[in-house]
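What TrEMBL records for 63-206 is domain 'EXPERA'. The feature transmembrane segment is assigned by TrEMBL to 32-50, 70-92, 125-144, 151-170, 185-207.
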Amino acid sequence: MLKEEETINHPYWPRNLSIPNYVANDRSMSEILIFLFSVSGILLLATWSLTGRKVCGSRLSGGRRLALCWFTVCGFIHGVIEGWFSLYYTIIPKDQSFLSQLWKEYSKGDSRYAIADNFNVSMETVTTCLWGPFSIWIVVAFLYNHSYRFVLQLIVSLGQLYGAVLYFFTEHRDGYIHSEYGHPIYFWFYFVFMNTLWIVIPFILIVDSWCQLSACQSMFDKAALKGKSKRS
């Protein structure tokens, strides 16, 4: 926390946070957001195009293609953007690399990233090491129709949902002090909306995996029962 003789040199909340090595961004918010959404958009379009081809003689449904677009973007965000944080969290406040500036901008919505909060560092490291590569693996598994594709989807979606719930709940326990509460961009867009996506979409995909795996198990059980009937 800020000592009495120190002055506030950063835009983060709570305002008495001490970040002595902070250097202000020289990139604007619009530059950073345009980069993030442009790359995500390009990946979405590329994946949509790639998944339009036939897989084992049939085409993937529109919903399945959208799910694979989601996992491609997840691979980029988890592996590259969150990977940057997990590697360089100690120097981000003073660093002027583009991805460091992205994190300094996002920290206006959650200053725990600016102070390298232990929970955030741990969560992002796990996310980078597991859910980043696993997200890309899911895309490959569906493109090649691997039998374990829905198991992977279930594992990653559960991990994403669990991490997002803990992310919100730990901040709720702190009283939402790490953002300007109610701010339309920093609180509602950065903190609430962008992270709620990792609750809503993984939940839908968990239900999808549940239905697919349950249907497979039901077919296996019926086949096994029919085999027993023939033998008897």
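The chain as shown is numbered from 1 upward.
Placed from the backbone N, Cα and C atoms, the Cβ positions cover glycine too.
Sequence-distant contacts of the transmembrane segment (151-170), counting only residues of its own chain at least 6 positions beyond either end whose CB sits under 8 Å from a CB of the stretch, comprise 67, 71, 74, 119-120, 123, 126-127, 130-131, 134-135, 137-138, 141, 195-196, 198-199, 202-203, 205-206, 208-210, 213. Sequence-distant contacts of the transmembrane segment (185-207) (same chain, at least 6 residues past either end, Cβ-Cβ under 8 Å): 29, 67, 70, 106, 108-110, 153-154, 156-158, 160-161, 163-165, 167-168, 171, 176, 179. Counting residues per DSSP class in helix, strand and coil order gives 107 helix, 0 strand, 37 coil for the domain 'EXPERA' (63-206). Averaged over the domain 'EXPERA' (63-206), the predicted model has a pLDDT of 97.
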